[in-house]
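Have a look at the structure below before the remarks.
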Amino acid sequence: MAAQETLSQTTRLASSSALLQVLFRVVTFGLNAFTLRYLSRELIGVVNVRLTLLYSTVVFLAREAFRRACLSGSTKRNWTKTINLLWLTVPLGVFWSICLGLVWLHLLEVPDPSVVPHYQAGVVAFGLSAIIELLGEPFWVLAQAHLFVRLKVIAESLSVVSKCILTVILVVLYPQWGLYIFSLAQLLYVSVLVMCYVIYFVMFLGSPEATKKSFPIARMKALLPNLVEDETFVNWKEARLTWSFFKQSFLKQILTEGERYVMTFLNVLNFGDQGVYDIVNNLGSLVARFIFLPIEESFYVFFAKVLERGKNVKDQKQDDVAMAANVLELLLKLVLLIGLTITVFGYAYSQLALDIYGGSMLSSGTGPDLLRRYSLYVLFLAINGVTECFTFALMCKEEVDRYNFVMLALSFTFLCISYFLTHWHGSIGFILANCFNMGIRIAHSIHYIYDYFKESTYRPLRGLLPSPFLVLIYIISGVITGFSEVFFCCDKGWMGRLIHISMGALCFAATIITMFCTETKLIHFVRSQFLSRYMKKGT
């Protein structure tokens, strides 16, 4: 069955991506802990908030809509027109880099050169890195559409390793270089990433493997913009869908990076506080990035391939509907349980984690409270990722356009709430505003999923209802670890910390055992889809 094969490939892509993210987020995690000992928190705040925001905004606005539109539907299409459309991301990226670069240089507060040297060079380098990355967009979409798992793993692995190695070397040898260090590392990262995709397709196209797979592209020249006589330059259906997604992506970027925009444009926190917030934010979002994001990206492709965009549930192939509903239910249950685990255990272990990671600079002040609130936010992220993944894969153009108005109102509300909550509760206000934002988006997606399946016998939203006994175990674990933190952590010495960790380990083990006993259907799904390829390799 085509749908079953797509599910198998998708779960392989998701599990490989998740494994990759785990490995290299750990590397980045260690790198940040290392650089904290050498660089000021003001410098880290400028790099991780101000400059990274410039890069992510340019890349997101230039390519996100194209990715969503060009990954929808079957791989059997006129790829020449799709590739022509994807190359438009480059001039769009140049436009956004110039416009936003001028804003970053002339309209925003410039850091003190004695504390954060070479700011102007950093802005130019991060804007240029976004353009370089967009040069690989046609290759990335082609690989993602055909589920080239190994290519993505190798490309991201080499690029992240190269960036980390160069950063460590320069931080140790030339800490006075300031933003030059991160600028060179960023340029190396995107260059290696793009070159991996280019070199792969140079070797793959025309090979026996490509011929065996009936790959739609035969030569590298076909991956460049091409004019076809008596035909339009692009597929206008894809172009119109891209425009709809572009309007939505603009708003989604504000919602996704809203707190960074507020920090950057409204100056509610100084650069040092921005650095602490970003470190805590990165620490809290580790699970979201290396588990939830790969699942969202991979299963967006699955739902877009198995179900046809714009058709109601009765007009779809019923076998495919049954599979999609079952997968959606189990994905919701999976991310819900991961999110609940992070929320329950994150509350009692936030201060300990920050103390081990960054010392008193992070474990004192608002750091622990920030990470505790972020543990709750992870639960919202978990549910929103899967529900929006399904919703965006099925929405027709008109539904996307209507949703844009919802996003517009939500963007404005979110920015206002962020501003006021930050004045009221400091940097914690950002996380509270994000929880509100995610809650509204989850409510919209749940409403869409309910309406989509209401005329069928399938109820995938039951995945959001864990076993009552498991919920009880979560409550007991939260109470026990909470008391353990009060009595044993974190000013009672290492013996008290070890007792605290041991209590958490016992409660965590009890929670996992309860999961295996009460969520048997989910355990079978994870074993058969996500873990099967690794279990087979070991036998």
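Cβ from N, Cα, C; glycine included.
Lifted from TrEMBL, the feature list:
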type	residues	note
TRANSMEM	12-31	transmembrane segment
TRANSMEM	43-62	transmembrane segment
TRANSMEM	83-107	transmembrane segment
TRANSMEM	119-141	transmembrane segment
TRANSMEM	153-174	transmembrane segment
TRANSMEM	180-205	transmembrane segment
TRANSMEM	330-354	transmembrane segment
TRANSMEM	374-396	transmembrane segment
TRANSMEM	403-422	transmembrane segment
TRANSMEM	428-449	transmembrane segment
TRANSMEM	469-488	transmembrane segment
TRANSMEM	494-517	transmembrane segment
Query = How about the transmembrane segment (469-488) and the transmembrane segment (330-354): at least 3 CB pairs under 8 Å, pairs 6 or more apart in sequence, or not?
reply = yes
Ask   = Where else in the chain does the transmembrane segment (428-449) make close Cβ contacts, counting only residues six or more beyond its ends and a cut-off under 8 Å?
value = 255, 258-259, 262-263, 277, 328, 366, 369-370, 373-374, 376-377, 380-381, 383-384, 387-388, 390-391, 394-395, 403, 406, 410, 414, 417-418, 420-422, 460-461, 464
Key: Sequence-remote partners of the transmembrane segment (180-205) [C-beta within less than 8 Å, at least six residues beyond its ends]   = 47, 51, 55, 118, 121-122, 124-126, 128-130, 132-133, 135-136, 139-140, 142-143, 148, 151, 154-156, 158-160, 162-163, 166-167, 170-171, 174, 215, 217-220, 223
